[in-house]
Amino acid sequence: MPKGKKAKGKKVAPAPAVVKKQEAKKVVNPLFEKRPKNFGIGQDIQPKRDLTRFVKWPRYIRLQRQRAILYKRLKVPPAINQFTQALDRQTATQLLKLAHKYRPETKQEKKQRLLARAEKKAAGKGDVPTKRPPVLRAGVNTVTTLVENKKAQLVVIAHDVDPIELVVFLPALCRKMGVPYCIIKGKARLGHLVHRKTCTTVAFTQVNSEDKGALAKLVEAIRTNYNDRYDEIRRHWGGNVLGPKSVARIAKLEKAKAKELATKLG
């Protein structure tokens, strides 16, 4: 074959003409100008994004979030972990409804009662001391004394007491003395019962005869959930839950190990 000449191959027949669909051209208004935005650093104003992750939160919010994460990451001993097992909502509602009937009197109510008594005494009608009505007893020291003397019928402890050391001994003491106890969500709810912002623990000492049946039912349910399960609760550790980054890192290492083992085995 002489140099410079190209070999002629067979020409492929052209494809049959495909009828092209004619697209309707969009009518563009020349008055509308395209002005694309540049979201680079120092350029256009950034679009609205969810920046929750980058917010500098107040100190108390940071602390409570860090505390919650620490409780998940670290191994939590059973004595502290038992405070995560709060009473179910239905039983807690019934308990609070009953406790609401036995709220102690406010300062204003006490003042009015004493004033009425003083007026009666001044009028010469005689001073007859009234019997103290059954009310809730609040506070760690008061409740501890009542439990030790076996005068408490039911003890209610808040789950979020800070520092937790204030009430960490109470469940063990209640079980030892045979007093039914329960852990309820919210120290503020207990505080509301006794006209304070928060309250660590409250106790029932006496109730009126019409409420004895309701209290007995509650005590039975609470005893089953807490006092009778004490040995099980005592063995149950909490926390030790890794975060998503750690889980992903461990999974990656495991995957690499499995791959290496597979190549060795062939």
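Every residue gets a Cβ built from N, Cα and C, even glycine.
What Swiss-Prot annotates here:
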CROSSLNK  Lys11  SUMO2 cross-link
CROSSLNK  Lys20  SUMO2 cross-link
CROSSLNK  Lys21  SUMO2 cross-link
CROSSLNK  Lys48  SUMO2 cross-link
CROSSLNK  Lys97  SUMO2 cross-link
CROSSLNK  Lys125  SUMO2 cross-link
CROSSLNK  Lys245  SUMO2 cross-link
MOD_RES   Lys34  N6-acetyllysine
MOD_RES   Lys97  N6-acetyllysine
MOD_RES   Lys217  N6-acetyllysine
- Using C-alpha atoms, which one of the recorded positions Lys11, Lys34, Lys125, Lys217, Lys245 comes nearest to Lys48 (SUMO2 cross-link)? Lys34
- Message: Considering Cα atoms only, can you say which of Lys11, Lys97, Lys125, Lys217, Lys245 is the nearest neighbour of Lys34 (N6-acetyllysine) among these recorded positions?
- Response: Lys245
- The rounded CA-CA distance in Å from Lys245 (SUMO2 cross-link) to Lys97 (SUMO2 cross-link) is 44
- Item | Rounded Cα-Cα span from Lys97 (SUMO2 cross-link) to Lys217 (N6-acetyllysine), Å | 14
- One should report the C-alpha separation between Lys97 (SUMO2 cross-link) and Lys11 (SUMO2 cross-link), rounded to whole angstrom, as 95
- Would you count the other CB atoms within 10 A of the CB of Lys34 (N6-acetyllysine), including those on all shown protein chains? 5
- Cα separation, Lys125 (SUMO2 cross-link) to Lys11 (SUMO2 cross-link) (Å, whole number): 131
